[in-house]
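This report refers to the structure that appears directly beneath it.
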Amino acid sequence: MRLRGRKGIKEALEAQPELVVLEPEMYKGKWSEVFGNDRPIHVEFGMGKGRFISQLSALNPEINYIGVDMYDELIRRGSEKAKESREEHGGDLSNLRLVRFNIEHIENMFEAGEIERIYLNFSDPWPKKRHARRRLTHAGFVNKYRVILNERGEIHFKTDSRSLFEFSLNSFCDLGIRLRNISLDLHAEGLRTDLVMTEYETKFSGKGMPIFRLEAVIGQQALDQHLDSLQRREREEADEAARRGTDDEQNDEE
Ligand SMILES: C[S@@+](CC[C@H](N)C(=O)[O-])C[C@H]1O[C@@H](n2cnc3c(N)ncnc32)[C@H](O)[C@@H]1O
């Protein structure tokens with residue numbers, strides 16, 4: 001992402017301590033205190049200009065959100081987007097924080113089990129093999145995410161990059177992580193308006209490019225719930241098949 005920084009940006013960020021956090025390491029293990037409640041915390045790593053996290057936090061006031069990026073200018077743009085989203089949807093900004101931080105050191109920002117969901121949206125693909133370790137779905141990162149996620153922990157990942165998606169599938173599978181809701185063309189049957197779109201997603205899907213998506217189930221409780229829902233679906237499908245079989249028999253007799 002090409003960025004032209006503005007003069008006075010540091011002062012602009014420092015002037016909004018209720019929204020912008022510039023030294024997040026101070027709050028490791030204390031994010032619930034920052035929000036003033038025990039609600040779940042969902043985080044976007046690499047939020048860019050912040051449209052996704054701004055809209056999601058406006059739509060879900062019962063969840064706390066943190067948008068992370070490493071550039072001041074993006075945090076500034078994110079803060080503008082956040083205010084615009086509240087003008088559009090109403091509500092206040094108390095459930096959102098924008099944080100300037102390098103995700104490589106994420107273990108210094110969150111305590112073990114402190115967050116419930118990670119969003120990775122259109123992460124830089126780093127196509128060269130020698131840069132593989134920089135991809136945000138590399139095992140080195142995923143293992144850190146596993147520590148900071150709680151029992152209900154999940155990772156939701158979207159990308160336009162087929163090669164990053166392939167790499168990520170292998171990375172999660174090599175770590176023995178259960179995946180669900182895998183899509184190789186998320187908007188194939190019309191835009192999924194139930195899922196908030198990011199800036200990159202709007203741009204790429206507007207050009208007709210497929211969007212790849214998956215959910216990685218990390219926490220034990222999330223996994224148990226997922227397995228329960230699979231069993232329930234299997235039972236419903238068996239009941240439905242049995243019902244259809246009975247109907248067919250009756251039709252044959254008539
Ligand atoms: C391609 S952009 C995607 C932006 C946004 N998520 C979207 O979908 O529109 C990737 C973003 O990740 C951020 N990023 C990449 N590596 C990062 C890191 N190690 N720490 C923090 N942010 C990072 C970049 O600054 C950039 O804003």
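Placement of Cβ uses the backbone N, Cα and C atoms for every residue, glycine included.
All TrEMBL annotations are machine predictions without curation.
Summary of the site annotation: TrEMBL records S-adenosyl-L-methionine binding at Asp69, Asn102, Asp124. Screening the candidates Glu44, Glu151, Glu154 against this entry identifies Glu44 as the one listed for that site. In this structure, the CA atom of Asp160 (substrate binding site) is 10 Å away from the CA atom of Asp124 (S-adenosyl-L-methionine binding site). Scoring each of the binding-site residues (Asn102, Thr198) by how many neighbouring Cβ atoms lie within 10 Å, the top position goes to Thr198. Listed in sequence order, Phe52, Ile53, Tyr65, Ile66, Gly67, Val68, Ile118, Tyr119, Leu120, Asn121 are the same-chain residues six or more apart from Glu44 (S-adenosyl-L-methionine binding site) with CB atoms under 8 A from its CB.
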